[in-house]
Amino acid sequence: MAAGEMPPLSAVHVNKPLAAANRLMAAVHLSLVAMVIAHRAPLLLSAASAAMVAADLTLLFLWALSQSGLWRPVSRAAFPERLLEARRRSQLPGVDVLVVTADPDKEPALGVMNTVVSAMALDYPGARLSVYLSDDAGSPLTLLAARKAYAFARAWVPFCRKHSVQCPWPDRYLGGGGDDEDGGGDCGGGEAAAEERRRIKKMYETFKGDIEDACRKRSCCWTKEERQDHDAYVEIITAAGEEDDDRRRRHHHDEEEEEEEEEEETRMPLLVYVSREKRRASPHHFKAGALNALLRVSSLVSHAPYVLVLDCDMSCNTRASALEAMCFHLDRSPPAPDNLAFVQFPQMFHNLSRNDIYTNDLRYVFGTRWIGLDGLRGPLLSGTGFYVRRDALYGATPPPATQAGGYFSSSMLEAGELATRFGHSDQLLASLRNQLQSSTPRPSSSAADSRRRPLPRDATLVASCAYEEGTGWGDQVGFMYQSVVEDYFTGYRRFFARGWTSAYCYPARPPFLGSMPTNLNDVLVQNKRWMSGMLAVGLSRHCPLACPDLLAVSVPQAMAIAYFGFLALYAFPVLCYATLPQLCFLRGVPLFPDARWSAAAFASSLLQHLVEVSVANRRLAVRAWWNEQRFWMLNAVTGQLFGCVSAFQDLLGAAALDFDLTTKASDGSLYRKGVFDFTGCSTLLLPATTLCVLNAAALVGGTWKMMTRGGARGELFPQLFLLSYVAALSYPLLEGMFLRQDPARVPWRITALSVAFAAVLLALFG
Ligand SMILES: O=c1ccn([C@@H]2O[C@H](COP(=O)(O)OP(=O)(O)O[C@H]3O[C@H](CO)[C@@H](O)[C@H](O)[C@H]3O)[C@@H](O)[C@H]2O)c(=O)[nH]1
Ligand SMILES: [Mn+2]
């Protein structure tokens, strides 16, 4: 298929007006900030002014890094019909779906199984699709649920195919809280279809009941000790009577090609359960470790050239994503990106409220930044919902211009070298050698070959703790360890620094839907993990700004990646702005004597933010803008501040970073009402509440003084405005501490400590 012979499978469109607007706003903002700093420089005499200049310079630094990712926002389209005109479905390359789960208490089995089943029902030839489930808890409950899920999928998958169901996620489609169009409406007309739908719904109810029963029985749940200490276990899930079905089908179909193709199409995707070995003494590297174990097991079983990664709560909300992703991967003609390693889909969430007080929609990332980065060299890897080339994950470099496949240097393919990198499993090495030597990611020998075969001999070996010792896994091969944000680090080191690119595919209907935490503490803990993980990369020897390989590929991209590595540093300027103007205001010391430029720079940044939010929401979105302003400020002095502390501890070797799992089971009723849920808030919230009390006290005390004493009132107005703005933003915190009486208010211990700390600050400096 030479370029030109067939129409391109994908298109890219540069959003020129937005690009122009972004550049204009950048120019305006830069000149304003320059004026602010120039005006403050002569006042460096006082410590407070010096600190404010340092704060402004930090803001300027981060702002500068963030700019390249806004300069060329693009959108892409995929044309699966053209793909299917150009190739028969049986010629499509295989896809292995890797699903990871870690804790049946925080991640209820029913939700996990919905993800598994939805992935099995993707619109893709059954013989070329396999789903691997990693269970880090090694829970008998999950295994049992997986078997039940497979049995249900044997009815569900054909049902979705037959009726071209749009939403392959059973719970949503069958009316468990989906939107209108999902409610079975796309199942086609006719009494027979309705009957079939009723039947499948009943099967789902039984399946659900079985799992809920099993959950109630304590015997299925392991203790914490058992979870951290158990053998590896791998099972290719089958269902009773399946062998007979297969034989019958094979008997019907002779060797004729068409029928063989139909057979490939209608086959059930493979489902494999993997619980890797866990020992307390050996590090297990969290999600990255789980994914690498799945990569190895899948290499032995189906070895598909493409891999889709899904978190256990990320269900497929359309069946189209696999074909859409292939439009980019298989398109070799412009405008398809060169050297494409992965296609990233946005993370979207089903449990969002219209009044999204925790900014859980992650608009900033998936609605703005990734669109901009896509115009640079591609969005960063985002943990879930991406289709990635296996050879690129295994360490290949992009092919020389004349060749289509990933490139492995010949020395790497030598037997000794392969074993050092990939470990000592003959079976794994044999499968690697087969695939790696052929340079194109070919259609894998279809998963059909491995069908009903016994489990590969080495399956449990490659899922054992000891297997990775002394190999390249986690460093030269697979998902990267050393960071709790394995997605960010892997995307940067494994792909971008080697010259691979990515594409962002943002279809109108959300392709995947996950769940976000719905109480403040969980949200902050999650943010702290992201912030500490990325900062630990930014401050380490792997800093993107100091990576020669990446800089050689693209300096603007290095800046855009580094921006995320330093994101947590916002904590410092925000901390300054949340203490110094307050304390000075109380003393009657003006900090913004010539406020014109500061006011203009402030207004320009607010306006720019409003434009961003509104463009992403496709309407004037003032409430979303306000929610983001508020959460940004709150997160800066909680998630980002503690993120900085943890990252420094990690760098100094004082304490390793941990991966705190988010809960996918909370009800979120307060969040849906737009009320902050402070249940379980701990020290993480303390800086925010302390600063909030300080601000309120300074605002009241300072205004009082200003009115009673007179003096240089005009020069204090900018501070009065700033303090009032902060007070308005932090009102929910004040309310949670002093006005609310419900159980979800700020724990009184936190309130008391905040008041005490604020009093100390005021006594010392006020
Ligand atoms: O030891 C572990 C820890 C986590 N997980 C799985 O990792 C996934 C993500 O964990 P979750 O608690 O949902 O974290 P989130 O904060 O929601 O994850 C976001 O942030 C992570 C990086 O910190 C990315 O990997 C994710 O894709 C991204 O959604 C879940 O399926 C977990 O089961 C494991 O398999 N083993
Ligand atoms: Mn999650």
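The backbone N, Cα and C atoms fix where each Cβ goes, glycine too.
According to TrEMBL, the UDP-alpha-D-glucose binding site annotation covers LYS106, GLU107, ASP136. Neighbours of GLU107 (UDP-alpha-D-glucose binding site), defined as other CB atoms within 10 A of its CB across all chains, total 26. DSSP assigns GLU107 (UDP-alpha-D-glucose binding site) to coil, not to a helix or a strand.
Around the Cβ of ASP136 (UDP-alpha-D-glucose binding site), a 10 Å sphere holds 25 further Cβ atoms from the protein chains shown. Here TrEMBL flags ASP136 (among others) as active site.
The annotation region 'Disordered' is assigned in TrEMBL to 238-267 (among others).
Per TrEMBL, compositional bias 'Acidic residues' is recorded for 255-265.
Annotation comment: TrEMBL describes 435-455 (among others) as region 'Disordered'.
The compositional bias 'Low complexity' annotation in TrEMBL covers 438-448.
The active site feature in TrEMBL is assigned to ASP487 (among others). The Cβ of ASP487 (active site) has 23 neighbouring Cβ atoms from other residues within 10 Å, across all protein chains displayed.
Sequence-distant contacts of the transmembrane segment (560-580) (same chain, at least 6 residues past either end, Cβ-Cβ under 8 Å): 48, 51-52, 54-56, 58-59, 61-62, 65-66, 68-69, 372-373, 376, 380, 488, 492, 496, 531-532, 534-535, 537-539, 543-545, 550, 591, 633, 636-637, 640-641, 643-644, 647, 687, 691, 694-695, 722, 726, 761. Taken from TrEMBL, the feature transmembrane segment covers 560-580 (among others).
According to TrEMBL, the feature transmembrane segment maps to 684-704 (among others). Sequence-distant neighbours of the transmembrane segment (684-704) (same chain, 6+ residues past either end, Cβ-Cβ under 8 Å): 520-521, 524-525, 528, 575, 578-579, 582-583, 585-586, 588, 634, 637-639, 641-642, 678, 716, 719-720, 723-724, 726-727, 730, 733-734, 737, 746, 750-751, 753-755, 757-758, 761-762, 766.
As annotated by TrEMBL, transmembrane segment applies to 716-734 (among others). Below 8 angstroms of C-beta separation, residues 357, 577-578, 581-582, 584-585, 588, 590-592, 595, 598-599, 629-630, 633-634, 676, 688-689, 691-693, 695-696, 698-699, 702-703, 706, 746 of the same chain, each at least six residues beyond the ends of the transmembrane segment (716-734), sit close to that stretch.
Here TrEMBL flags 746-765 (among others) as transmembrane segment. Non-local neighbours of the transmembrane segment (746-765) in the same chain are 579, 583, 586, 678, 681-683, 685-686, 689-694, 697-698, 733, 736-738, 740; each lies 6+ residues outside the stretch with a CB under 8 Å from one of its CB atoms.
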ASP487 (active site) and ASP136 (UDP-alpha-D-glucose binding site), Cα-Cα, nearest whole angstrom: 18
Distance from ASP487 (active site) back to LYS106 (UDP-alpha-D-glucose binding site), taken between C-alpha atoms, in Å: 21
In three-state DSSP terms, the structure that ASP136 (UDP-alpha-D-glucose binding site) belongs to: coil
Cβ neighbours of LYS106 (UDP-alpha-D-glucose binding site) where a neighbour is any other Cβ within 10 Å: 18
